[in-house]
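What follows is a short report on a single structure.
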Amino acid sequence: MNHLPEDMENALTGSQSSHASLRNIHSINPTQLMARIESYEGREKKGISDVRRTFCLFVTFDLLFVTLLWIIELNVNGGIENTLEKEVMQYDYYSSYFDIFLLAVFRFKVLILAYAVCRLRHWWAIALTTAVTSAFLLAKVILSKLFSQGAFGYVLPIISFILAWIETWFLDFKVLPQEAEEENRLLIVQDASERAALIPGGLSDGQFYSPPESEAGSEEAEEKQDSEKPLLEL
């Protein structure tokens with residue numbers, strides 16, 4: 001009879017430990033998971049990631065910077081109107097800078113269309129623009145007479161070449177890997193939320209019932225009453 005309270009204590013301890021284990025299982029908060037999923041989905045609905053927007057801004061900067069240098073070159077070589085007519089209307093591959101400006105326009109249109117409008121997740125568009133830019137500039141530097149026209153004969157081809165390769169590096173090493181990493185994180189969070197949904201809901205303290213402890217003498221009294229019942233019936 002003296003071992004009964006110890007058994008009751010062991011039972012209570014077991015129930016408390018099971019309760020603690022259930023709480024540990026529900027340490028994953030589905031609300032937090034859903035909040036993270038909504039944040040990732042909000043980025044998708046936003047249409048364009050922050051790093052891709054930065055890339056598009058740099059492409060725009062490429063066009064504006066080359067345009068600015070070309071306008072400066074037009075103004076330096078005898079006025080904008082006269083030089084513009086000479087380079088555009090009387091275009092000469094060997095001495096004109098107009099084709100370098102058109103090359104910047106070509107990069108801008110292709111890259112913005114591919115990575116801002118179509119939201120392409122492949123490198124083929126940037127590979128096309130960089131290859132065309134590199135081949136054209138190398139041919140122009142070798143065949144043309146730009147170096148005899150002052151500093152702009154060096155500046156415009158070099159700047160265009162560098163900007164094209166910076167765009168390639170930025171897309172290939174920043175934009176595409178970061179977006180792929182964010183997509184993998186979204187898949188992991190969604191998978192964790194699905195697993196958390198399969199776990200049964202946590203049990204509250206009120207759902208655990210612990211029977212009241214009985215005194216040692218109460219069972220002895222019950223046994224005496226059971227033994228006296230046949231005598232009373234006789």
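Using the three backbone atoms N, Cα and C, a Cβ is placed for every residue, glycine included.
Swiss-Prot lists 224-234 with the feature compositional bias 'Basic and acidic residues'. If you look up Swiss-Prot, you'll see 48-218 marked as domain 'MENTAL', on the strength of sequence analysis. The motif 'FFAT' annotation in Swiss-Prot covers 208-213. For 1-53, 119-122, 172-234, the entry in Swiss-Prot reads topological domain 'Cytoplasmic'.
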Report summary line: Summed over the topological domain 'Cytoplasmic' (119-122), the DSSP helix, strand and coil counts are 0 helix, 0 strand, 4 coil
Report summary line: In this predicted model, the domain 'MENTAL' (48-218) has a mean pLDDT of 86
